[in-house]
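K.L.:
Encoded as C-alpha cells, here's the structure I'll be asking about.
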Amino acid sequence: MSQIKFTRTESHKTAVFFITFFSYAFFHANRKAFSNVKSSAAEVWTPHNLTDRILEPRDLWYSHDMFDSNDDAVKFEGVLDTAFMLAYAVGLFLNGYIGDRVNMRILLSVGMAATSVLVFIFGCVCEWTLFYNKYFYVIIWIVNGLMQSTGWPVVVACMGNWFGHSSRGVLLGVWSACASVGNIIGALLVSAVLSYGYQYAFMVTSTVLLAGSFVVFVGLIPSPADVGLDPPPSEDVGKHGSVNTGAEDTAPLLNGPPVESSQYTSEDERDVVYDVQAVKPTSMSFLKACLLPGVIPYSLAYAFLKLVNYSFFFWLPFYLSNSFHWDESTSDQLSTAYDIAGIFGGTIIGFFSDRLGKRTIMIVPMLLLSIPSLLLYSYSPNDRTINVVIMSLIGFLIGGAANLISSAVSADLGCQKAIQGDDKALATVTGVIDGTGSFGAALGQIAVPYLQTGLGWHSVFYLFMICMFLTAVCLFPLFLKEIRSLRCGCCRRRRSVSLQ
Amino acid sequence: MSLHRITCDFLLFTALIHLMVLGITCQPAICNLDCQVNINETVLAKFCSASAFKLQGRCCVNTTSPDQFDIIGIDLQQCGMTQKKFSQGIDGINTLQFIYLQGNDIDALNNTDFHRNTGILNLSIPVNLSCPGGIKSWESIETETSETTCVGEKNPCISEKLACPPHSHCVHSGIDMSECLCDEDYHGYKCMNKGKFPTVPFAIGITASTVALCIFLWCTQRRYVKSDVKNK
C-alpha cells in the first residue's frame, strides 16, 4: 500500500515538475518571439529608407508607414517592452495575491490561453489584415503583460507545494531553467520559421502556448492536498527550533542544512506536518508578506538584477545584429548561449547553496564578478567565438543569479519559519519579488533603445554595471549576516546533531 | 492590359462569324484612326508587309495565336494626336517597337506616357520635343528637319547599374523606369519572406500531440483528484 502511494506521489511530482516547467517555458518562448523578430518587425513597420532613388512598385517598398525610420520603430519596440513589463509587474503583484486564493490550475490555464490569443492577434491578425496601429499594439501588449503574469506565481507556488525545502536549491535551480529553456525553444522556433514571415514566429509560439493551456487544464494538480496526499516535509516547523532562535530575520536563509529528509523516520515526518484537511491554511495579507524578513532586500536587488537580465533577454539578438551586422537568425541562435550558461549558473549555485544552507553568500560574489565581465563584453571584438565565450560567462553569473533568486530564494522566503502554519504566502511572496523585479526590468527596456540611439552601446553596458553594483549593495547586509551566522551556525549544528 | 483582353473576348464572342469572315481580329481604337498620311505609304507599312507581321489599320500586329496578338508598331503621323490621346490610346499595349508620332501638335511627352513599353527600337516624335527619359535612356538620337528619332530604348538596370535591396532584382519597366521585384521564392512586403509555411502539417502535428498528452495526463493525474476539491 505504502509502495503504491509512494509511486503515485512520484508520478504526480514528476508531472507537476514538467507541466509547470513547460508552461512557464512556453510563456517565455512567446516573450522571446517578440525580442527575436525585432529587426524584422521594424522592417515591416517602416517604408524602405534608401534615399538614392524611389523604388517601384511602391506598394512593395513603401506601403507600410507606421514609422518613418528604423530608429523610430526600434524606440517603439522599447516602449512596447516597457509597457509589457510594467503591466507584467502590476500583474505579478495581483496574481500572486489572487493565486493564493483561487484554483491555481484554472488561473494558469486561463492566463496561458488568453496570452496565446493576444500574441496571435498582435503578430498574425494585425499582419494579415495589414492593421498597423501603435496604440492598438500598446494596448494588446499591456493586456498581454497582465495575462502572462499569471504564470510565474502559480508555477512557483505549485512547485513549492510539492517539493520540500531541503532539495529546493538544486531542484528549483534545475527547474528555474524553464525561463532559459523557454528562451531557447522560442529562439529555435523563431529562427526556424522567421523566413516565412515574422508573423509565423508569433503563430507557432502562441499555438504551442494554447496547447500548453489545455495540458495544464487537464493535467495539473496544484497541491498534494488535492489528491489526498501529505504535503512535503517542512523542516522549518520541526527540526530547527534550536538553530533559529538567534537570527530570526534571516531565518529562511539559515535553516536549510544539507540534511536529507530520508534521515528522518516516517513517524518523525508525520509529526511535523500539519493536517491539511483539518486545518485549512489561511492566506497571508499582502502587506504582511512584503514585510517578511528578506523579502524587501531581495525584491530591491532583483529589481536591478532583472533590469540587466531582461535587457539581455530583450535586446541581445538585436545588439548582435545591430552592432556586429550578423544576420538575424544567426544572432538569435548565438544569443541562446546566454540562456544555456544561465541554466548552468542557476543549477550549480543552487546545488552548492543547498549544501551550504545559504544562498546570499553564493550570490553576492557572482554579482560582483559580473561587473568586470560586463566591461569585458562591451569591448568584445567582432568575433563569434570570443563573443559567445564572454556572453556565456555573463550568462552564468547574471542569468544564474537571477534564476536562483526568482525561484529558490523566492520559495525559501515564501515558506520561511515566520509564516509558521500558513503556507499560503508562497505565491504572494513570489509575486512581490518578481513584481518588483519586473518594475526594474520595465524601466530598463525604455532606457536601452534611447541610450543606444543617443550614446551608443557602451553607455548601455555602463548602465548594466551600475545596476549590478546596486544589486550587490542591496544584498550586502544579508551577505554579512550570513557570514557571521555561518561561523555560529557551525557550532550550533554540531550541538544539535549531538543532541539527536 | 487585362481590361483590353476582356473587351476583345467579348467582341470575339458577339461578332464571331463576322470577324472570322473579314479576317479581322480585335484591336484597340487607336489603330483605326483616320489620319492624313496614308498608312500604306509609311515606313511601318513597308516594314510590316516585308516581314511576317500583319498590318491592321495603323498598327503592325504580330499574331501569335488566334486570340492573342502583339501590336509591335503604330503609325500616328498627322493624326491630330495630343499627349493625352496618345497616352490613353496605347494604355495596355506593352509590346511596341516602332512608334511614329511626327506631324502631330504634341506639346510634351513624358516617359510615363509610354507605360510599360520596354523594347522600343524606333520612336519618331515632332522636332519640338526631346526624347522621353532624356539622352541617357536611348542608344542614339537622330534629329532631322521634321522629326526627332529616338533609337534603341536602354534598360536602366543595365545602363545605370541600378541595385535593388536584398532578395530583389531590377526589372526594366518602361522608358527610364525600373522596378525592384522579388527574387524567385521570395515574397511579401520588401521581399522579406521566403517559402510557404506548412500550415496543415503544423496544425495536424500540434493537435495530435496535444490530444495525446491531454489523455495521458488525465489518466495519470487529474482523475485522482478528489471530487470535493475539484468542485471547490
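For all residues, glycine too, the Cβ spot is worked out from N, Cα and C.
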K.L.:
I want to verify the bond table. Which candidate from B:C180, B:C182 sits on the other end of the disulfide that TrEMBL records for B:C191?
P.N.:
B:C182
K.L.:
Would you mind giving the whole-number mean pLDDT across the domain 'EGF-like' (B:153-192)?
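P.N.:
Within the domain 'EGF-like' (B:153-192), the model's average pLDDT equals 90.
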K.L.:
What is the number of other Cβ atoms found within 10 Å of the Cβ of B:C182 (disulfide bond)?
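P.N.:
Total other Cβ atoms inside 10 Å, all chains included: 19.
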K.L.:
Based on DSSP, name the secondary structure state of B:C182 (disulfide bond): helix, strand or coil.
P.N.:
strand
